[in-house]
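Trainee: Pulled from TrEMBL, these are the listed features:
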type     : residues                                               : note
DOMAIN   : 1-231                                                  : domain 'tRNA methyltransferase TRMD/TRM10-type'
BINDING  : Gly116, Leu140, Gly141, Asp142, Tyr143, Val144, Leu145 : S-adenosyl-L-methionine binding site
COMPBIAS : 216-228                                                : compositional bias 'Basic and acidic residues'
REGION   : 216-237                                                : region 'Disordered'
Amino acid sequence: MKIDIVSIFPEYFDVLNVSLLGKARQSGLIDMNVHNLRDHAHDRHRTVDDTPYGGGAGMVMKPEPWGEALDSILGADAVASDDSPLVIFPSPAGEVFDQKMARELSLEPALVFGCGRYEGIDQRVFDHTATQARVRLVSLGDYVLNGGEVAVLAMIEAIGRLIPGMVGNPESLVEESHEDGLLEYPSYTKPATWREREVPPVLLSGNHGAVDKWRHEQQVERTRRVRPDLLPPDLTN
Ligand code: 6GU
């Protein structure tokens, strides 16, 4: 998978050189390039923002540096089609990111992330980019971050670990929270007693059927308690 990131803080993405994602880059599974938006601002101060038309608080990111940066990645003459790269603008005004979206995005050959700061990016950047590529605005959830960088780190971690060839044990991917729509069951390891707390006896029983049943019950109970909004209709009540 090819990943391009545009940001005024490229250092945020240095962390993607470590751990599993770092290995995926070294192995060539992920080809990632981070671009500094300021390289596309040509005034003396390399300005990327300005005051909003119509007034109001904060600053808006100017369209020209964004246009030049995205042209350099997509090609200035690119025409949007089903085969175009997918450009994701992290935004609290976007559709909410979830495991299903992470799965979809892990199948994309080319992703571009455009990280806005300040009060946002001039709307014409989204409208113009949609003529050159596929565009989605994506939010991490209902809270406000100062910019898209941290959101993109989270998205890349969620997407990257789903790319075929990424995780050592593919089973560990399906047995997690959200993959089956429920939260995950509690896990235990040795010792069997710790600070007078016992591991649930069923897990020591060797009865795999009983273990599976117990784990599923735990998933349903936990989901009902913490995230009732996730419960499928047949498990509601
Ligand atoms: Cl994707 N961006 C920003 N700036 N804030 C957010 C977000 C994204 N998702 C939740 N809050």
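Note that Cβ sites are derived from N, Cα and C of the backbone, with glycine treated the same way.
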Trainee: What is the pLDDT of the domain 'tRNA methyltransferase TRMD/TRM10-type' (1-231) when averaged and given as a whole number?
Mentor: 95
Trainee: Quick check on the binding-site residues: of Leu140, Leu145, whose CB has the lowest count of neighbouring CB atoms inside 10 Å?
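Mentor: Per-residue Cβ counts within 10 Å for the binding-site residues Leu140, Leu145 bottom out at Leu145.
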Trainee: Do you know which of the binding-site residues Gly141, Asp142, Tyr143, Val144, Leu145 end up with C-beta under 6 Å from ligand 1?
Mentor: Gly141, Tyr143, Val144, Leu145
Trainee: Between the two most separated Cα atoms in Gly116, Leu140, Gly141, Asp142, Tyr143, Val144, Leu145, the residues recorded as binding S-adenosyl-L-methionine, what distance in Å do you get?
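Mentor: Across Gly116, Leu140, Gly141, Asp142, Tyr143, Val144, Leu145, the two farthest Cα atoms sit 17 Å apart.
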Trainee: Look at each of the binding-site residues, Gly116, Gly141, Val144, and point out the one with the fewest other Cβ atoms around it within 10 Å.
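Mentor: Looking at the binding-site residues Gly116, Gly141, Val144, the Cβ with the fewest others within 10 Å is that of Val144.
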Trainee: For Val144 (S-adenosyl-L-methionine binding site), name the DSSP secondary structure in the helix/strand/coil scheme.
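Mentor: DSSP call for Val144 (S-adenosyl-L-methionine binding site): coil, neither helix nor strand.
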Trainee: Validating a neighbour-count step here. Other CB atoms within 10 A of the CB of Tyr143 (S-adenosyl-L-methionine binding site): how many?
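Mentor: Summing over all protein chains shown, Tyr143 (S-adenosyl-L-methionine binding site) has 7 other Cβ atoms within 10 Å.
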Trainee: How many other Cβ atoms are found within 10 Å of the Cβ atom of Asp142 (S-adenosyl-L-methionine binding site), counting all protein chains shown?
Mentor: 7
Trainee: When secondary structure is assigned with DSSP, how many helix, strand and coil residues does the region 'Disordered' (216-237) contain?
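Mentor: So the counts come to 17 helix, 0 strand, 5 coil.
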